[in-house]
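Here's what TrEMBL has on this protein:
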| type | residues | note |
| --- | --- | --- |
| DOMAIN | 2-91 | domain 'CS' |
| TRANSMEM | 132-154 | transmembrane segment |
| TRANSMEM | 174-194 | transmembrane segment |
| TRANSMEM | 201-219 | transmembrane segment |
| TRANSMEM | 225-245 | transmembrane segment |
| TRANSMEM | 265-288 | transmembrane segment |
| TRANSMEM | 308-327 | transmembrane segment |
Amino acid sequence: MTLTPLVHWAQRHEEIFLRVELTDAQVSTLTWLLLALLFRAQGYGAKGLHEYEFSLEFLFPVKPQVRHKSTQRQVNLTVQKERRGWWERLTLQERRPVFLTPDFDRWLDESDAEMEIWEKDEKRRFISLKTAFLFMYNLVQFLGFSWIFVNMTVRLFIFGRDSLYDTFHTMSDIMFFCQILASVEVLNAAFGVVRTALIPTFIQVIGRNFILFIILGSLEEMHHRPVVFFVFYLWSTIEIFRYPFYMLGCCNTEWKTLTWLRYTVWIPLYPLGVLAEAVAVIQSIPIFDETRLFRIPLPKVIGTSVSFSYVLHVYLIFMFLGLFINFRHLYKQRKKRFRTKKRKAN
């Protein structure tokens, strides 16, 4: 009876390393068959001297050449990846576990082999479509926010302080488009298209759309306020680093400088952005009182209505609560990112 040994794995951008816990092992079989790595050896494992074997179906394609080296304490295997990049896990989530059988050449019959290959092709096709969709989404958002950032910067240098008063009329259309499109991020998080927390994403997207459409868009008196410039400029500054980082992630590529900026620039900019949003809300409160816009009707028995400004006072409280939630989430992301990179470097 053959047993399954203890196997550890690690990775680089180009390679996968497997460490099989077998002492004084004599490798008898090391074969690549139907995209699966098949290993068999005799040595001293957890249950003494026995025949040990295992099989692995990798998450993504790898090259068939497998290098191995047996030492007195373990067997080291090196597998080359077809594409550079970090894997989230080593193997596919299969319908059933696959182990080697004593009849090594017939461990998988033809019909089952065809089904396995079809399933892998379908999964890879889905991954490719998802990657293309995410890349295009991030590219469009990057171009939109870059257009806003560059135009606002150029206008600031050319017109000086005068550019602060017409930001809404010159930039609002593109900002409307980008923020409406940002709602896709909530759907992506909700349906598991991307691995990110739903609540912080929802808070950010809904909060920004509330400021843009309700506070700034619905009040003509707010269109010429300088606070619009600071809100738009801070939003776009954050996004011109965030979206290209995600674009490179779709290609399994990393630019260390961009990674550092993506996980660092939010530290000063995010609180400043929330502060600018709060200033916009405070400036809009007397306007809502005066115009009676969005007043909340009450039952006829009471015979009055409630000003929308009361809602804004409550919103200010939730705004800073959301700042705390998102700031903690972003800090944990940054800490996890650079702690993981430090471990990999070591």
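For all residues, glycine too, the Cβ spot is worked out from N, Cα and C.
For the transmembrane segment (201-219), the residues of the chain that approach it from at least six positions outside its boundaries are 168, 172, 175-176, 179-180, 182-183, 185-186, 189, 228, 231, 235, 277, 280-281, 284, 287-288, 291, 293-294, 315, 319, 322, 325-326, judged by C-beta separation under 8 angstroms. Residues 199-200, 203-204, 207, 210, 270-271, 274, 277-278, 281-282, 284-286, 288-289, 293-296 of the same chain, all 6+ positions outside the transmembrane segment (308-327), place their C-beta atoms under 8 angstroms from a C-beta of that stretch.
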